[in-house]
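Visitor: Okay, here's the structure, questions in a sec.
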Amino acid sequence: MCRGLLWLLLVALSHQAWAQPYDSLLTALQRSKTDTLTIHLYHQLAGKTTPENVDRALVYEDSALHIAKRIKSPKHISITLTNIGSIYRNRSEYTKACSYFKEAVNASPPLSPWLADTYLEAGISLLRITELDSAMQILQQGVSLVQQHPNGSVEAALYNAMGNVKREQNQYKEASALYFQSLKLFEAQKDLKGQTQALSNISNIHNLIGDVDKALEYAKQSLETAKMAGIKSSIAYSYRLLGRIYRNQKKPDEALKAYDEAIHMYTELQARREIGETELSIGNIQYDKGSFPEAILHYKHSLSVGKSLSDTFMTAFAHLNTANALLMTKDYRHAEAYIDTAIVLAEKKNLVNIRMDSYALRSEIYEAEGNYKLSLSNYRTYINIRDSVEREQHRQEAKEIEAKFQSEKKDDAIQLLNAENALKANQQSYLLVILVLLLVLAIILYSRYQVKLKANEKLKELDLVKSKFFTNISHEFRTPLSLILGPLEKKLSNGDHGAEMESFKLMHRNARRLQHLINQLLDLSRLESGNMELHLEVSDLAQTLRYIGSSFSSLAERKGIFYTQHIPEVFTGCYDRDKVEKIVNNLLSNAFKFTPEGGLVNFRAEVMNGLLTIEVKDSGIGIPQDQQKNIFNRFYQVDDSATRSSEGSGVGLSLAKELAEFHRGKLSVTSSEGIGSVFTVVIPVTRETFAGVPVKEPLLVNDPPATSGELALPVLAIHGDESKPFVLIAEDNPDMQKFVVELLQDRYRTLSVLNGVEAYDRAQALVPDLVISDWMMPGMDGRTLCEKLKTTEATSHIPVLMLTARADQSSKLEGLETGADDYLIKPFDTGELVTRIHNLIEQRKKLRQLFSRELILQPKQIALPSRDADFLLRLHALVEEKYEHPDFSVEELCLEIGMSRMQLHRKVKALTDQSPGEFLRIFRLERAKQLLTDTGLQVSEVCLKVGYNNLSNFSKIFREYAGVTPSEFLAETKK
Ligand code: ADP
C-alpha cells in the first residue's frame, strides 16, 4: 500500500518535472529527497539538454547512474545505461552506444519490460553500423519482449526499425510489410508522428524500387498526416522525402521547393542536424543543376552544422561534397584543402565510403592539376580502399551467407531438436499413456485379486468348516460301526454255522467296507486340512511289503487269480509304514477287483538309488486311454453306471496318489483297455530325503545274557536264538501272524499259534516271557486264553498283550479285567507294538534284578501280584522244609510243586532271575551264613545242616558265593 502511494507520488512528481522547464528542473533536483526522484530528474535534464551540450547530458546521466548503482536498482541502472547509449547514438558513435546498450541488457533480469527501448536503440545503432543480422536479432528480441509486456508505440517503432534493416538488406517486400505492420500499430496507438514515419518509409521503399508515383502518394500521405498532427519535425521529414522523390523524378525545382519547406520547418524547430542534412541534399540538387557555387554554399552550411554538432560524418561528407563542387569550379587549391580534411576526418572516424570517395576525388583533383603522380597514388589508394571495401563487402556477404547458413543449420538443428523433442514428447506421452493404462490395469487386477483373495478366504473358511464337519461326522460313523462290527465278529468267531451265518457274513463284509471308506475319507480330509503327518521309521521295507502282499493270497485263491510277488529278500528303508500300506493295499485291491477269474496279478518291488519302485500289474479290464487322467480324481469311476460289475467309491486312487505325493513320490498308470493295467509308485526311502522330519529310531534291545542251559523240552518252530526273550503269538489271521512274527523276530524268539487252545498249551509247556494274543480267535478267544494263563500257576506271571480290533471302551475294560497287562487296537502302529513288548519284558527283568535275593529269602516282604507271591511263598516253604536233606534236588522240587522242570525253570527264572537250582543253592548258602553268624556251630556242622555232604565242596561253593571260605566268614563274624 505504502509502496503504491509512493510510486504514484513519484510518477506525479516526474510528470511535474517533465512539464517544468530546464531551470526549474535544476531547482527540483536540489530539493529532491529521494534517490529515484533524483534519478528521474537527471534523466529529464539530460533529455532537455541541447545537442550542442551532449557532454552535459552525459554528466547528468552519469550522476543518475551513480545513484542507481548505489541503490542497486537494476531497473534504473539499465534505463540510465540505455539513455547514455542513446546519447552516443545521436552522436553517431554507434559502437560505443552499442556497448552501453549491451551493459544495460546485462544489468537487468532478462525480459524486463524497460528493456524494450534498449533493444530498439541497439537495433537502430547496429543498423547504422550495418551489423544487419545482429540488428534484426536484437529488434526481434525487442518484439518478443513487448509481446509479453505490451508497449504499442515501442512495438511499432521496432517494426519500423526492422523494416529499415530489411530495406538495407534490399529485401524491399519484407521491409514494406514491416512498415505496414508498424503503420497499423501506430494507427492503433493514434501515434501520428509514428504514422508519418511509417508512411514515409513506405514511400521511400517505392522510391527505391522506382515506383515513383506510389512513392509520391505515400510521401504526400505522410505529409498530410504530419500536418494534421501539427508535428513540425514530421512535416519537415515529409518534405525532405518529397524533395528526394522529385530529385529522382528529375524535377529539381520542385525538389528545391520541398527542401526549402523542410529547412523552414527545421529552422523553426532549431533542428540543426536535420538542417545540416537538408542543406547537403539541397547542395546536391544545385550540383545536379550545375549551380556549383550555390551548391558549395549549401555544403558549407551543412559543414558548419556538422562541426557544431560534432557530427564527423556530416562534416566529412560536407567536406567531400564541397571539394567536389570546388573541383567543378576548378578551384583546385580549395578543393584539395577540403578533400584533405575529408580524408583526415574519414580516417579518424573510419568512415570508409567517404574515405574511398575522397581518395578518388583527390586523384581527380590532382589529375586536373596535372599532378599525375599524386593522382595515381591517390587513385591507387582509392582502388585499394575500394578493393578492401569490396573484400569487406564480400567478407560481409560471406559472413552473412555463413551466418544465414549457420542460422539455417541452427534452424535445422532446432527443427531437428524440436522434432526429436516432439518425438520424445510423443514417446513420453505414449509411455505415459501406457503407464496410465498399466496402472489402471494393475488397479483392476489388484482389486480383482483382492476380491478373489476374499472369496478364497471365504472358500477356505467354508472348506475348513466342511472338512471339520466331515471329520467329525466320519468319527461319529466310526463308533456305531465298531459297535456293529464287534458283536458281528464275536458271532462269526463262535463258529456257529446256523442259517443266519451267511447274512452275518454279508453284514460283516459291508460294515468292513463302510469302515474302510470312512477311514479313506478321513485320510483325505486330513490331507486337505494339512493335518496329515509323516510317521517315518527305518526298518525292513521288504518285510512290510511281503506282509501286505501276502494278505491278498487268500483273495487270489478265492477269485482264481494267478498271483505272484517279487520282492527282494531284505532292504531297509526310511518310510511311513501306514502310508505305504494304504497305497499298496489300494492298488492290489483294485487289481484284484478289476481282474476276472483266471487273470494275472503281479506285485513287485525294488529299491534303486534310494527310490522304492512298486509295481502292481494286472491282466484285467484295463482303463481307456481318455479316462486315464481322470482316475486319480476324487470319486471318479470309469464305469459309474448303475449296472457296473465292481463296487467302489472312486476315492481309493485319489487317496493313493495324494499319499504317494505326501511321501514325496509319484503314482502313475499305464493301461490298455482289455489288456490290463500297470500302476507304478515311486517314493524316496532314504533318510536324507526327509531331512528335518522326525524318524522313529529302531529299538535297541539289550538282550539278556544266556542264563539257562536247562531248557530240555522239545520246542518246535520257535524262531530265534535262545538268548532272546521268548514271545508266544496267538493270532488266527495268518497274514497278521506272519506280520507280527516278522516284526519281532530280530529281537525275540517267537512262536506263533493260530488259536487260543494251542496258545494255552504252548504257554504251559514253554512258559514264554510274553504272550501276544488276538482278542478274536476261533476256539478259545483271547479273553479266555488270558484268563486261563493268569490262573495257571506255571504261566500266571507271564505278561499278556492283547490285540483288539475294536477301539471301544468296553473291550478295553474287558481286556484289562482278564488280567491282560496291555492291549493294542488293530490296526496298530508297528513301532508301538515293539515298544509295548519291550517295556513289558524290561519291567519284569528290572523287578527281578532288583529283588532276586530278597525274593528267594523273604518273598513275603516284596509286593508282588498275588499269584506270583503265592507261588514264591510255596516254593520258599518247600525249600525250607527240605533243604537240609542232601538228596533234595530240583527234580524233587518239580515234583513237589507240580511243574515240569522246564516250567519251574522258566517260572522261577522269570520271577527271581535265578534258575531253580540256583534258587536252592542260594537258599542253602544264605542259611549257612545265618547259622555261622548266629549259632556257634562249626563249619563242618553247618555244612551238614544245609544239606552238603562234602565239606570241601561246601567250602568251594560258599567261597564262590560269598567271596570267603566258611571258616574265614566265621572268623570275621566272631570279630
Ligand atoms: P474305486 O473305489 O472305484 O476302485 P479308485 O479310485 O480306486 O476307486 O479307482 C477309480 C477308478 O479307476 C475305478 O473305478 C476303475 O474304473 C479304475 N481303476 C482303478 N484301478 C484299476 C485297474 N487295476 N484296472 C482297471 N481299472 C481300474
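Glycine residues also receive a Cβ, built from the backbone N, Cα and C atoms like all the rest.
Since this is a predicted model, take the numbers as computed values, not measurements.
I grabbed these lines from TrEMBL:
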- 1-19: signal peptide (SIGNAL)
- 78-111: repeat 'TPR' (REPEAT)
- 236-269: repeat 'TPR' (REPEAT)
- 472-687: domain 'Histidine kinase' (DOMAIN)
- 726-841: domain 'Response regulatory' (DOMAIN)
- ASP774: 4-aspartylphosphate (MOD_RES)
- 873-972: domain 'HTH araC/xylS-type' (DOMAIN)
Visitor: Taking the Cβ of the residue listed as '4-aspartylphosphate' as the reference point, list residues of the same chain whose Cβ is under 8 angstroms away and which are at least six residues distant in sequence.
Guide: ALA730, GLU731, ASP732, ASN733, MET736, GLY782, MET802, LEU803, THR804
Visitor: What residues elsewhere in the chain lie close to the repeat 'TPR' (236-269), defined as a C-beta under 8 angstroms and at least 6 residues from its ends?
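Guide: Long-range Cβ neighbours of the repeat 'TPR' (236-269): 196-197, 200, 203-204, 207, 212, 215-216, 219-220, 222-223, 226, 275, 277-279, 281-282, 284-286, 288-289.
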Visitor: Can you work out which residues elsewhere in the same chain, 6+ from the ends of the repeat 'TPR' (78-111), have a Cβ less than 8 Å from its Cβ atoms?
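Guide: Sequence-remote neighbours of the repeat 'TPR' (78-111) are 39, 43, 46, 51, 54, 57-58, 61-62, 64-65, 68, 117-119, 121-122, 124-126, 128-129, 144-145, 148-149, 309-313.
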Visitor: What are the DSSP helix/strand/coil residue counts across the domain 'Response regulatory' (726-841)?
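Guide: Looking at the domain 'Response regulatory' (726-841) with DSSP, the answer is 53 helix, 24 strand, 39 coil.
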